[in-house]
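Before any comments, here is the structure.
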Amino acid sequence: MLDTVGNTSGQNLPTERTPLLNPPVRERECNENGNPRNDTHSKTPFREEAPFSRRIIILGSIWIGCFLNAIDSTIVASLAGPISNDFSSFKLLSWLATAFMIGQTALTPLSGRLTDIFGRRAGLVFSNVAFGVGTLICGLATNVWMMILGRAIAGMGGGGLNSISTFIATDLIPLRQRGLWQGASNLLWGVGAGLGGFYGGWIHDTLGWRWAFLIQVPLIFISMVLVMLTVPAIQSDPTDKPKLKRIDFLGSSILITILVLFLLGLAMGGNLLPWSHPIVFTSIACALALLPLFVYVETRVASEPIISIPLLLNRTVASACLTNMFDTMVEYVLHFYGPIFFQTRGFSATQSGTILIPQAIGVAFGSLITGYTMRVMGRYWWLNITLETVKLGSAAVLLFCSSRAGPIWPIYVAYFVAGYCYAGMLTTALVALVAAVDHKDQALVTSASYTFRFMGSALGVSLSSSIFHNVLSSELWHRFHGRPDAKTIIDALRSKMENIQKLPEKWIADALDSYMSAVTGVWAVVVVISVLGLVTCMFMREHQLHSTLRDK
């Protein structure tokens, strides 16, 4: 009678057949703060572990859209010239890439909470629609502003496809196997990004640049239909509260404003406008000024914050996000300045693109091998430290082996190693941060990590561009200041590398040396950023990687 009536607390009291003391909480059942995980929230939306065939069907349907997004992310590289010629607008050319980047970054941090409220499938459908509409606008654009709008909308959808596909993979796959599947996803992305430039150029040569966008639209529609048919309509965190009332509209608005202002300032500073320009300064200053307000809203006002500030202060989550940012900065710097280095060695623009091939191969191998290693070992801390240390070594090779004379092969090896280590880091960092929190928070921290990655791409491009142009200007003035029409010559050389060939023969070597010094300055920054990535990754904690979803 006492067992049933006297237990008013709702707990099971000990009897002659039960132990007097509860068993100790195992380490793997605790969160990073040492508290027991909340089982009511830790359960995955997929209550039972899905068989391999179902995983393939669900993730395969999702990855179609991700593959198209990967192609689209690099397609502008080969179409920028034709597009700018059609619209007679070379000045606004850089905004094609910038608009896509801003669109990606602005909505990605919202995707975690919103898909917890409305469900993963709804989020994917919305992302496919936005990606498709943006791509269609690009194909039908009649002026450069319409083109920029299309790229921004496509970026919003593309960012959602990337992050939500990762949420679903985390829902479906136990942590110990998670790295291998993430490796496959990174491999697919790498292939798509590698094909983007070739696809864009080939379609332009055969049908015209508009068809490079228009052909994607029916494929995106097919991806959306497959998502609706295969992805279950399950909410990660269902409640009886009306969905719209759960949305943190104030926090979302402030966050989007911060990201857009900050990225606009970074995109313009040192590229379209000098860093001292009032627009650049005001954009970045306003973004930083709004940051305390955002923190206050998320910690004191919002009932369900769009980003949980305490989660970002979690040691492993913060470490993983910062490592993502620093390593992505390095990756984008290498992507932009490797071809310039090769051109200073006398290679054509087309031949210079070959430097990116070993990098892409490294990404493919790094993803799969790192994922498989984690699956076998069940650990990631030392693996991540090793990857970051080797990546730092590849940066040092670039710094000390880049010259206008000497062998080229060390540069190819450094690019392969950098790609390998970057892909491996993405895999280990993702597993580390989702292992550090309860399942109910995994989508939030994953969207945060993607946001830091996109921020890293913007920071990397802006910082390296500023350093490159400052060093180049200084070197050119040092070598040409006493020559006739020095200012005209220097301005021409800074605006276009092809103008080097228009110089008198005896001046060409000085111009190429100036460019090589500027690239070397960029490589020095790569070394510094790589050191920061190594330092931040050391703060990740080792967590148990479970072999089944039930143990998650």
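Each position is counted from 1, following the chain as shown.
Here the Cβ of each residue, glycine as well, is placed from N, Cα and C on the backbone.
Annotated in TrEMBL:
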- 1-15: compositional bias 'Polar residues' (COMPBIAS)
- 58-545: domain 'Major facilitator superfamily (MFS) profile' (DOMAIN)
- 1-45: region 'Disordered' (REGION)
- 56-80: transmembrane segment (TRANSMEM)
- 92-110: transmembrane segment (TRANSMEM)
- 122-146: transmembrane segment (TRANSMEM)
- 152-175: transmembrane segment (TRANSMEM)
- 187-203: transmembrane segment (TRANSMEM)
- 209-229: transmembrane segment (TRANSMEM)
- 249-269: transmembrane segment (TRANSMEM)
- 275-297: transmembrane segment (TRANSMEM)
- 355-374: transmembrane segment (TRANSMEM)
- 380-401: transmembrane segment (TRANSMEM)
- 413-437: transmembrane segment (TRANSMEM)
- 515-540: transmembrane segment (TRANSMEM)
Exercise. Is it the case that the transmembrane segment (380-401) and the transmembrane segment (515-540) have 3 or more CB pairs under 8 Å, with pairs at least 6 apart in sequence?
Worked result: yes
For this session: Please indicate, using numbers and ranges, the residues of the same chain that are 6 or more beyond the transmembrane segment (249-269) and have a C-beta under 8 Å from a C-beta there.
Result: 94-95, 98, 101-102, 105-107, 109-110, 275, 277, 279-284, 286-288, 290-291, 293-294, 297-298, 301-302, 305-307, 451, 455, 458-459, 461-462, 466
For this session: Could you pull out which residues elsewhere in the chain have a CB under 8 Å from any CB of the transmembrane segment (275-297), counting only those six or more residues past its ends?
Result: 248, 250-251, 254-255, 257-259, 261-262, 264-266, 268-269, 305, 309, 466
For this session: Among 56-80, 92-110, 187-203, 413-437, point out the range having the most Cβ pairs under 8 angstroms from the transmembrane segment (152-175).
Result: 92-110
Exercise. Hey, would you say the transmembrane segment (122-146) packs against the transmembrane segment (355-374), going by three or more CB pairs under 8 A that are 6+ residues apart?
Worked result: no
Exercise. For the transmembrane segment (209-229), which recorded stretch in the set 56-80, 92-110, 187-203, 515-540 gives the largest number of Cβ pairs separated by under 8 Å?
Worked result: 56-80
Exercise. For the transmembrane segment (56-80), which partner among 92-110, 187-203, 355-374, 515-540 gives the most CB pairs under 8 Å?
Worked result: 187-203
Seminar exercise, completed: For the domain 'Major facilitator superfamily (MFS) profile' (58-545), the averaged pLDDT of the predicted model is 84
Problem set entry | Within-chain partners of the transmembrane segment (187-203) [C-beta distance under 8 Å, separation at least 6 from its ends] | 63, 66-79, 209, 211-212, 215, 353, 356-357, 360, 363-364, 367-368, 423
